[in-house]
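Here the structure comes first, spelled out in structure tokens, and everything after it is commentary.
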């Protein structure tokens, strides 16, 4: 690889307690916390040891709220005198200031103090917004992630990246702010639409090329089980994804180096999302397609061979995710990628793979980027 | 004092270099920085050693911008290839999301990356908003405080508290985010309206009762010089204020204890500001009046004698600041104070003084609070 940082071998899979849930620790000094992964975790035991407070606020959306708010409310009732909730509109297009402000308004109307605990119940949008609300309300209150989508369980709820979108860029306004705990109840995936399950699998697949070639092989072998929502397969996939993410985030909490590899597929993906208007493509769909483009770029840069690039493309395609981007025009792709947070001084920095199971960041010649775009849009 | 935390003796005044500027260090580990205080500091030397970057953004307002942007731009030109600026509307009533979003929009329009340095050029509102914008833009970019009001130089630019207001509460949305440096150019006070000078003196006076009885005596002796903008007197007052603030913030960056004493006068003061509508009273005017009320409360609680309470009142009055609050009704005062960030579980926590030069936090009987309000409004 031409440029640092390069990931090296991720840690081995930890042993799963035979009955019960798995625990993946995130080691961030005084901001360390655990990810709990298992079935039936929306119960009091999963929240034991978290801070008690007069008030708590469950932040959810109009889709997830009716399904799980009552269960979560019962689970955290032992910790709080009053459990409030607020339902935000559902969708990436509402990951914005007006929706965020609904949380602040609710907290202030209820005279919620600095010890109030926020619970994020939902997918990535709810998690990112709740985390950012917690980071900002009275300059910081504690929060807990209860992700109910595969994407949130394997990626967005872990690691403390919180944000809202700006019309000119995705996740441009946010904070690094760690939760006190992440509770991933696999049962909540039962109600997840298939399209969102597939979008979540894009972020699962991501961990193979960037950190664990064996996991990529495991995914190729077990994809049908995952698509059929086999509990054991899902649990393994979630746990391994969280372990790799924990290992990366533990080394680089604030994305000054290694952590950027988690954005594999995201530079092209963000351009697709922004270019189509937030919400048209699901984030995971854009990332899936973005990984195909980034694999192609890696091959053109000579970091992996063409067969490996095709292998990544084939897995994304078998998953049912788009492998061709919208034809926005190369200029527009490049313009949108230059606004990405990973750009520096206008130079676009791509997460590239090579050899398989390792990743790094680097720029690429403009002509090559245009070739990648031309070859992967329709 | 009945309850912790209680401040004890603040450090001695440090020696001022005979010619040149004073430096007050803020000790916060890897977030440590210096406050520079002196005349003629809007020059390159004051910014030496700060990070170089392709872009920088000066955030100022429509009043201060025309006076000092050109000077600051020249001073930081050696560090940046391009220095942008954005002028926000002037006033506490614009310390809100739409104004903050102007900063984000400007940064995104200019494709400003994560290394972009923000410079806050103005008073407390500009400083708080710029700091919060820096905390949130791409999850955090560096920023420098260049306060041009007395209030900002002695209080708001130091210590990393950043925020915007919400219609339901002042400074309710924000972050603890430290600047890289604070440059206090006393020359910029030449253009400060007298009403704002007086408002700034409220925050200067504050440091006496809570931390340094000798400084209170010095203020009583030198008030006329300060009101006449005597350079040496101003420099001493700013330096001593910053030293005391640095000492407090260095012990309690995130206001879990001691730091709350810096809010002396602010609980009543916030109620006045919110009750009258932000902008009707200057923050320092509300704090001045709030200190009189908090001193009265401290006397009623038996923590200081009535003469000491009157001494604080007399200094506030001689400064030309209001010593009687608006008659909002006791219920409204209490309602507004319960939303204050220092309230916990609905109980209002007041910063009280006693003995003179030390402060602590405690609740007070409802009837006593009502007596204080009744005795100090008109």
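Glycine is no exception: its Cβ is also placed from the backbone N, Cα and C atoms.
Just so it is clear, the model here is predicted, and its values are computed rather than measured.
The NAD(+) binding site feature in TrEMBL is assigned to A:90-95, A:124-128, A:148-149, A:161, A:170, A:188-191. Same-chain residues at least 6 positions away in sequence with a Cβ under 8 Å from that of residue A:124 (NAD(+) binding site) are, in sequence order, A:147, A:149, A:151, A:152, A:155, A:156, A:157, A:283. Under the DSSP three-state reduction, residue A:124 (NAD(+) binding site) is assigned to helix.
Residues or ranges marked as Zn(2+) binding site by TrEMBL: A:203, A:266, A:283. Other Cβ atoms within 10 Å of the Cβ of residue A:266 (Zn(2+) binding site) number 26 in total over all chains.
According to TrEMBL, the domain '3-dehydroquinate synthase N-terminal' annotation covers A:86-197.
Taken from TrEMBL, the feature domain '3-dehydroquinate synthase C-terminal' applies to A:200-343. Sorting the domain '3-dehydroquinate synthase C-terminal' (A:200-343) by DSSP state (H, G, I as helix; E, B as strand; all else coil) yields 105 helix, 1 strand, 38 coil.
Sequence-distant neighbours of residue A:191 (NAD(+) binding site) (same chain, 6+ residues apart, CB-CB distance under 8 A): A:67, A:148. Under 8 angstroms separates no C-beta among the binding-site residues A:127, A:149, A:203, A:283 from a C-beta of chain B. Residue counts of the domain '3-dehydroquinate synthase N-terminal' (A:86-197) by helix, strand and coil are 46 helix, 34 strand, 32 coil (DSSP-based).
Cα separation, residue A:203 (Zn(2+) binding site) to residue A:127 (NAD(+) binding site), rounded: 16 Å. Comparing the binding-site residues A:93, A:149, A:188 on other C-beta atoms within 10 angstroms of each C-beta gives the minimum for A:93. For the recorded Zn(2+) site, residues A:203, A:266, A:283 set the reference point as the centre of their Cβ atoms, and the other residues of that chain within 8 Å of it by Cβ are A:151, A:155, A:156, A:202, A:206, A:265, A:269, A:284, A:286, A:287, A:290. Contacts of residue A:127 (NAD(+) binding site) defined by a Cβ separation under 8 A and a same-chain sequence distance of 6+ are given as A:120, A:145, A:147, A:152, A:156, A:157, A:162, in order along the sequence. The Cα of residue A:266 (Zn(2+) binding site) lies closest to that of A:93, out of the binding-site residues A:90, A:93, A:188. Around residue A:90 (NAD(+) binding site), the same-chain residues six or more apart in sequence whose CB sits under 8 Å from its CB are A:61, A:62, A:63, A:64, A:125, listed in sequence order.
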